[in-house]
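Per TrEMBL, the feature domain 'DUF7134' maps to 6-141. Taken from TrEMBL, the feature domain 'Histidine kinase/HSP90-like ATPase' applies to 278-363. Here TrEMBL flags 12-30, 37-54, 74-95, 102-120, 126-146 as transmembrane segment.
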């Protein structure tokens, strides 16, 4: 059942209810009154109620018919009765679905027309309830419209925030995957060019490493983009990498001329995917910065698995320029990843030279 059909069904049901109340309640309302209920009374009740069938599509037409029918009903001095309920629904609909200025003008005209019956019986006091029949449903309609518009804006803001977060996440993933791969490829290419004439065998080894590194980077990028597409379709997000791939990362770094020593404290538990990915990315980006900025250096990676947290520390013996100016995503991206998981992150010159990156990631 689509939305349009549901709206028509709801308006049809509302019309039937008001017809039932109007036809059944008008006669009792006329008991003891000077003006008796006639067939024309019911004709007016039916016309005003039936106008509500098109209240969403043509709210001004509905209000005009309801105002004319109700005003004539009151001018003929028929008893106050259920017809006023249908009229109030028409006013509410106008305030709910039309711009405030248009709804205000239309409702003001309705008040004026509805008050004409007081000129017939000379009862000026009747202006007060006549105005209330318009003001009350108008105020309710405006309130409902404002609250629903605010809810729509809140949903839109939330959707934009989610989209921004997704773009940032994708940018971080692509930066980490492509940045590390290209840095390793660049270093290996320089080694190959340097050794090509004098040591062709070692140059071939470097070229083989380039081929393998580029293939691995492309595979990881392909997996990352595939996960992004599946996430958009509502599937559960999964990590593209984790600490289980740390040995491969260390091997690639060693091939580029940066020896890496790994020290592990504690036994690695089954980590949440987000924590596992964040820890791996911290190590990967830190080693990539060593490769880019630290010059000839070695690196040490220390992992500590504690009951309530995982800590990652990366030290290098280079010139301490990791995170040099222009590296817009590296350290900032690591800090944002860690902060998003409620952890701590520090990066700066190490005692005795080199550079130190430290991250603490809490476990649930």
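Any Cβ shown, glycine's included, is placed from N, Cα and C.
In TrEMBL, annotation is done automatically, which means it is predicted and not curated.
Among the stretches 12-30, 37-54, 74-95, the one making the largest number of Cβ pairs under 8 Å with the transmembrane segment (102-120) is 74-95.
For the domain 'Histidine kinase/HSP90-like ATPase' (278-363), the DSSP counts in helix, strand and coil order read 27 helix, 29 strand, 30 coil. On the 0 to 100 pLDDT scale, the domain 'DUF7134' (6-141) averages 83 in this prediction. Below 8 angstroms of C-beta separation, residues 36-37, 41-42, 45-46, 48-50, 52-53, 78-83, 85-86, 89 of the same chain, each at least six residues beyond the ends of the transmembrane segment (12-30), sit close to that stretch. Under DSSP, the residues of the domain 'DUF7134' (6-141) split into helix, strand and coil as follows: 111 helix, 0 strand, 25 coil.
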